[in-house]
Structures are given as C-alpha cells and as structure tokens.
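Please read the structure below before turning to the comments.
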C-alpha cells in the first residue's frame, strides 16, 4: 500500500430538502428481495420453520461439540461449508449498515423483516462464539479438508474442528470486526428488541476491549485461515472500525476520543485507499468519521477528523475516476480489482459511494476531486451504474445476480446449489463422489441459488459460466451484504429523512410506513403555517468549556410553497450552518429559493450556551 495525502476544503452545511427521486430500468425491489433471500441458502444449523429456501435442510449440528461449546448456526461464507469468522462478521456489519441507512426503504418494500432476520442469524451465532470476554471462536471447519470434498452441507463428513482466539493467541482484527458487527446490529434492534440490542452491545464492548488490549493478527493464531482469509491489512483498521461503530451505537465519548487520538498513528488519516472489503476497512472508517464530522460531533478532534474525511473523499474520487490515483475499470465500466471474486469490491465501494452521496446531500455540500468539483448526485450515479452492470447492463448482457433476469449464471461454484436437494434425493453424497457426480456435470444447477452475486467478469468483461471457474462463478455473503442498502436506496428514493440525523430502525412487524396525511391549510388562529423545532443533539468538553450542538428543523405546514423566509436569531454565540445571513435576519441559502408544502429544512449551530432564540420574522406563501 502507498500512503496518499491531499488537502480539501471543508464547508459543512447541514441542510436537506427532500424531494421524491426515482430510478427506472431495473426492478431494484425484486433484486433487493432476491439478494436477501440468498442468505437463507447460506444458513448453517437448525433451519427455522419459516425458511424460504426450502431445498436446504439442517446442517453442521455438531459444530463446536468437540470443543465443549455450541457453535451451531451462522453462515457458510461462499460455495464451501466452512464458517470463517472474519468475513462473516464483515457481512453482518455491512448488512446492518444497509439497514441503518435505508431501513425505511426496506420497510416500504416489505423486506425489512427479512433483512433483520438475516442479521440476527449472524449475531445469534456470534453470541455463541463469544462465550468468555477474552475468547472468540473464529472458524469452524478447515478449508483444506473442506475443499477436498464436494458435498452438500447436510452430508458433511469433513473435519468440523473449531478454532479460537484468546489472550495467549490474540486476533485483534477478528475481535475488532466482530465488535463492529455487534455494535452495528445493536442499532438495528434498538427499537424492536432493546434487550437483545443491549446484549449485542455488551458483547461489542467486551470484544473491543479484547481486541485493543491483546494485540495480534488473527491468522497468526488461527493459521488454517491464512490460505483463505489472510489479514493483509493487519488489525489497526479493524480497531478504528470497531471504535467508530461503538461510538455510532452508544455516543460514548471514549470511542470518539479513540478515533481522534489514534487516527494518525493507526493509519486512519494516512491511508488513501482504492479498495474496501472484508480485509481492508480504512475507507469505511474514513466514511463514518466524515459523517461524525458533518454531524458536528468532532469537537476538539475536528482537525484529525478533517484528515479522515480527506481520505474518505480520496476514495470517492478514485471510484469516479476523478482522483490522483483511480480504480481500474473494465471497458464496460465495472470496477476491477482482481481476478478472483472481483464483485466483492464493486458492491462494497458502491455502498460507500451511495451513503457518502447522501451524507453530502444532507450537509448541503459537494466534494472536490483533483479534476474538479463533484456533486453528491455523481456518486449516486456511479453506484447505480455499478449495480446496473451487475444486473445485466454490460457487454455480455449477463446478470451476475443468480435468478435475476433471464441470462444469469447456471453453473455456480456452490456445493449446496450444484447437488440435488437432500429433500429430493436423500441418498448420501460422499466426499469425492460429489466431484465425480455433481461438480463435473456440465448442466444447470438443480437448485437455483436465487440472489447470489457471483465473482463476476474479468478485466475485459469476459465471463465463463462453468462450475470449476471458481474465480468468476463462486458467490459470497460479503458480495451481497453491501448491495442490500444500495438496492433499497435505488428502489425507494431518499425516503424523506436526513442521513445525518439519528436513525432508529423500525420493528420488523412494520412492513410499510404509515400513510402521511395530506397537508391542508391550518387556521391561523389555532396553528401557525411554519413550525420550528429545536433540540440539543450532543455536547462535549474542550479546554474547560462545554460546547453544545443544536439542531433546528423548520417545517412548512401549510398547503402552499414557502418563499422569502426570514428568521430572527438572537443569543447566538457560535458558528451556524445551513442558512444565509441577510442583514439582521437569516434566509434560505443561495441555492434554495423555496420550501414546498409539507417539507422541512434543518440547520445547526454550535456554541457554549443555552439554546438561541429563533423565530420567524417574515415569509411569503405562494
């Protein structure tokens, strides 16, 4: 890796006007449903009564038994039958992030409960895998013996040994990523299942403490993972990543300070990345910290957080092809990182571009790349182009999501998919017999692995749909996890809420949002046409002073369009973002002329005093 540094101007502006925004061309809702369904095909353990992928059955029912611990459950990572902890934890973190950002859109399409169930299948397993504060089981099964066989999970005869990290054999990257997963998932369940959310957070705190106190790479302790999921980047990125998610989940200043105090020494502010995935988390950390900065939460860490943001935007610019060092792309426009399972980098990078686009739009700001200014919409358009490529808009007209469209991979490198279901033919499939009978069969899979995103094409958009072509035809859970959020975003539009405001995920029973009442003129005698809601959102201490961040939401409650708004603000002793000073009053920013009926705008200010006095001076309703 090389270190890259660049300077960027900071102009945080906290304003959002939510207009409906829709995309056409692909059925993103159908793709979302299928991409979530894939996780049910990857389940290990006792399958639930509401299992929708019915060709699968129970498997791995003795996992952990030889070690005296119950490790039944969790996910198989890809086309094999091993449970690898590091990519599984990253999968759960990214699924949770998808829900945190776009849960409302998932609810609107009836998929939130399925997405939350997919997260819980992973976190239930992690609770089992973390039986003591400083013990974490990070793998069940051995890749070498597993890959020697081609069997259904239900028929497994391979070694199911469990491998752990502890104080004598640490693994800060594994423990850190699992802490991040638990913290992110706790946000997902905070409203619908608070007791479970608290349990996840308790594990998250302990795992972070374990990761930070006992430093070491997990693959030095679980050496059987080296051939498959070697931690090339080390563990500093996971420690920062875990701290960021624990801060997001708790608002505990300890974790914010950890990010501020260790950002430079651990590489958070130094690495300019062009990839993001289960191994290298820096771009994800930088994106989260940039969000904290734009939310006004940085406090005295602002100079450090600005350096994180510079690197976040280095990544975004590289994806757009507008930076000083850009990602490689195929002639058809797909991000290309490597021959083996390239699609994992496509979905992860596209997710970061999607959320950062919304963070920028929510803050009312753009981004500066080496080649010029970039609007938030460019990042979203980039992410959409990558998703559309996956769904079939490519030189081969091939959908790389199994079961979506008509031309998708039929010979997926996946044991369970390629062998007849045990429910159809319960005859035992032996270790090597599976290779002879099923792996080598030049025919379509007997079980369609709906929703799976396979490894994808090569650097020239070429693809061979062959089962032994594992570099291109093998799917993985961490290919799918990030795309859930992008598909929900593209399918549902913005959803009418500010991505920089705290998000509470609705319960899984809430499939569709309640219908919004139509705005009607309210009598002046009983209700003003403009409402102002003010609240203190965070505070911090710096150099002996306490600073407060206040958020103010102005809503047009009339049935008409609001123009020429003038606000009077007194007792303001600090900076304000989101309005333009106009004489003794404050007005819309220069790029905004009006506020439609029922819409809101938000602005914020920071000072070391109680709330300022805000009132409406004048306005026009047209």
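Note: Cβ is positioned from N, Cα and C throughout, glycine not excepted.
Among the features that TrEMBL reports, active site is placed at 413, 465, 474. TrEMBL lists 530-610 with the feature domain 'Carbohydrate binding'. The region 'Disordered' feature in TrEMBL is assigned to 508-527. If you look up TrEMBL, you'll see 1-24 marked as signal peptide.
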Original post:
Looking only at the domain 'Carbohydrate binding' (530-610), what are its DSSP counts of helix, strand and coil residues?
Top reply: 0 helix, 52 strand, 29 coil
Original post:
If you draw a 10 Å sphere on the Cβ of residue 474 (active site), how many other Cβ atoms land inside?
Top reply: 21
**OP:** Grab the pLDDT values for the domain 'Carbohydrate binding' (530-610) and give me their mean, rounded.
**Re:** 79
